[in-house]
Structure formats: structure tokens, C-alpha cells
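Reading through the C-alpha cells given below for one structure.
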Amino acid sequence: MAVSGFEGFEKRLELHFFSDDPSIFQLGLRMIDFESIQQVLEAVQCTVVSAVGNSYFDAYVLSESSLFVYPTKIIIKTCGTTQLLKSIHPMIHFAHLLGLTLCSCRYTRGSFIFPKAQPFPHTSFKDEVAYLEDTIPSNLCYRKGSIMPSKSSSHCWHVFTANDGSHSRSHSHMPYDNDIFTMEICMTELDPILARKFFRRADDGKTGDSAGKEMTELTGINEINPQALICDFAFDPCGYSMNGMDGDWYSTIHVTPEEGFSYASFECVGSINDDIVHVLRKVVQIFRPGTMSISTTWNEVCNNEVWKQMASAVEPLGLKCRSCAMDQFPAAGDVVFQTFTARRKSA
Amino acid sequence: MASEEGQVISCHTVEAWTQQLEKGNQNKKLIVVDFTASWCGPCRFIAPLLAELARTYTNATFLKVDVDELKTVAQDWAVEAMPTFVIIKEGTIVDRVVGAKKDELQQAIAKHAATASA
């Protein structure tokens, strides 16, 4: 293990807003001007490298991961030593100018590879929760912070939710659907040969956009959801990010391929009606990780069958389920955290 | 005409759009079309660059189509994500850039502008 390297593990923040004026919902947060978005990202310490929108949402590839802007929802995911929680204050401010009020906040992350390199408030989960408690308005009164364990002390899932208990669902632009979940996958110890594909060739004469497109095709990332429109970017000398858009559903992948601290993440919105087995197997085949965690967030009560299905999807590919933890969050659904390790490394 | 040089020209009607296309094709000028939407954040992100490119490549015609305003045009050109840039030379689509991809757009315009003036 390297003494210090790039922190692949992302911090993820999801904020939901509401308004008493339904006409605001149609465009909502998408009306925030770009200078304001830049200010939010400056607070976090990252920038936009590429972006695309469809009729449902805007997707930005950032210098450190991704940003998704829906009319009443924003998802920011940032890696490295970014200060993600510092985006909450400016976001609440700019949303307020549009007549939108915060009604739900969810913060999640895995366990950092280099925790000592993190700046405040990301110095510890305790510091993060204290910062969140201070920053979030008092109307979000249903709150809970939880560290979900695995068998290995170095792999935990950190979750903090805050909710006003009333607006988050009824004012969502999407119809409330019990079958929809968000799946966050974190992978470490990537297969070194596969990880090489996320390095650029020196002087390839390509732009980050065109090199990214090449990686998407070369690695088979475009086959995870062939219907999705992909906005991809390859960093110099290595690293890759992509956002997928399929109607109002997003997916996103980020790769830090350097040996010693290699990391890849995959996140998507899924439905029990999807071919989740295909998606999971494809992701595992692209990276062949030594360790993988899947955390699944449900709107309401989780469907036991699906996370069992997830485990049985990846087990034939040599990943063994080592732990499974579940927790409930007040007015913010259930989270299931599963960890897997490759059999080849079980010795 | 001179007032349009170096500008991104907004086409607000199907007639204006057709006219601009025909004019560009007749003059054998490179045409860069920006399919955009008022509610699209990524379009606002790239707008300053497009304006700058229009000032740089004065031999090319830069057109802007709002996909809500000219719905049929957007449909005909199969625009599903914004911004979509279509580069046209003598009536033929020579390149298409989907998304606000600064380097890719710059490179595509530079490539086709070079061959157009050659």
C-alpha cells in the first residue's frame, strides 16, 4: 500500500427541495445560472470538465467526480480531498432565490484509503455529522447518522440522513415508486491488467473527451446500459469519469487506476424490474476488484429478494459475500450494505 | 450580413433556419449549429466558448436553435441531449458533438474550418 496517493472513495450528497408553488417544480434547480453552480463547486474545490442535459436533468462530469441537477433534487459526488459538505450552504442559498426550500439531505461515503489526508470537516465521521447538524436547517428534524460495519474494520459505510418528514416524497418530480433503489458500488484492488485500460498513452493527440470515449468502448462500459447516453472524460495521465443518462435515470462511474490505491465506483438508479444481474456482472467483469461493496438505498421498506439476487449475481464471478448489514433511517428509507472479496485473494 | 459575422445567429422560425442553412450551403461556408434549451445548465456552461469560437472563425456560420422553439427541427435532426452541435459542410453533416465538451468542439471546428478554407 502506498503511503499516500489519490483518494478514490467519494463523498456523496443528495439534497431535495420543495416549494409551495408547483409551477417552480418544472425547471426548479435547473434554472440556477452557471456562475452560481461554479460558486458551489468552488466551495467544494472542484470544476466542471464536461456536461450534458436532457429533458429530465443535467449531468456534469467534474474534475473530482460528478454532479446531477434535477428540478427538485441535486446529487454531488466528489473524491480526493474535496470538501463536499461546504456545498450545502451555497446550495440552500441559491435554491432559496428560486423559491425552493430544503426538505431532505442524505450524505454517504465509504471508508477513505487515506483518512489522514482529509481536510475538515471530513477529518472523521464524527466531525462530518457535527458539521451537518450545524449546517442543516431545523425543519429537517428527523436525523440519523450511522456507521454500517462489515467484517473488515477498514470497510464501513457511513450514512447521515435528515428529513422534514413530509415534503420529500409528495413533492418529488418523479412518481413515488417503491420498486426504485439507488445502488452505490465501491471497488478496490482492481485487476492490474484491466486497470491499465484507464491510463492514457503518452502524446496520444486526443482530447480528454475523445480519449474518454475510447475508454468507454474499449472497456465495455458502454455495454452496461446500451440505451444510456454517455458523457465521458479521460484524465491525464490516468483516470476516467462518466455519467450515463437514460430518460430520468442516471448512472456514473469513476476510476482511479493507480496500483496500490486503485479504486472504481459505479452508481445507478435501478428498479426491481431491471436486469440487475446483467448490470452487476458487467461491472465486475470490467474491473475484477479484489474487494467490492454494494450499498443499496430504498425509498421505503427494502425488498429482501433484490439484495439476495445481487449477491447471487456476483458470486459466480468469484466474489464471495462476506457481510451484510441493514439499517433504517427515519423518513429516509432503508440501506443495505454488502461486502464481497475475491476468492483468489482469500488466502 | 456584415453584422452577422462573428456572431452566433439565433434562428427563431423554421423559415429563418432553412434560409440560413441554404445561404451557408450556397456560400460553401462551414455551418456550426448549436441545439440548445433555455433550461439546460450545460448549454449555459458552454455558451461563452461558442461566442468566442464565432468571433475566431469568421468564415464559418454559427447558428443557434432553441429545441423548444423549433421542436420540428430538433426532431428532424434527432436531437435528444443538449447541447448538441452539428457541423455541416456543403449540405453534409461532417461532425456531431453531443454535450458541452469544450476541447472536442474546438478540435472539431478547427479541423473542418481548416479543410474548408484550404
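Our numbering is plain: 1 for the first residue shown, then up by one each step along the chain.
Using the three backbone atoms N, Cα and C, a Cβ is placed for every residue, glycine included.
Cross-referencing A:F6, A:F9, A:F120, A:F125 against the substrate binding annotation in TrEMBL, which names A:E64, A:F235, A:E258, picks out A:F6. Neighbours of the substrate site: apart from A:F6, A:E64, A:F235, A:E258, residues of the same chain with C-beta atoms within 8 angstroms of the site's C-beta centroid are A:G8, A:C79, A:G80, A:C238, A:G239, A:T256. Shown in sequence order, A:G8, A:E10, A:S65, A:S66, A:K77, A:C79, A:G239, A:Y240, A:S241, A:A264, A:S265 are the residues of the chain, 6+ apart in sequence, with a C-beta less than 8 angstroms from the C-beta of A:H254 (active site, proton acceptor).
Counting Cβ atoms from all protein chains shown, A:E64 (substrate binding site) has 23 others lying within 10 Å of its own Cβ. Site extent for substrate: among the recorded binding residues A:F6, A:E64, A:F235, A:E258, the largest C-alpha separation is 16 Å.
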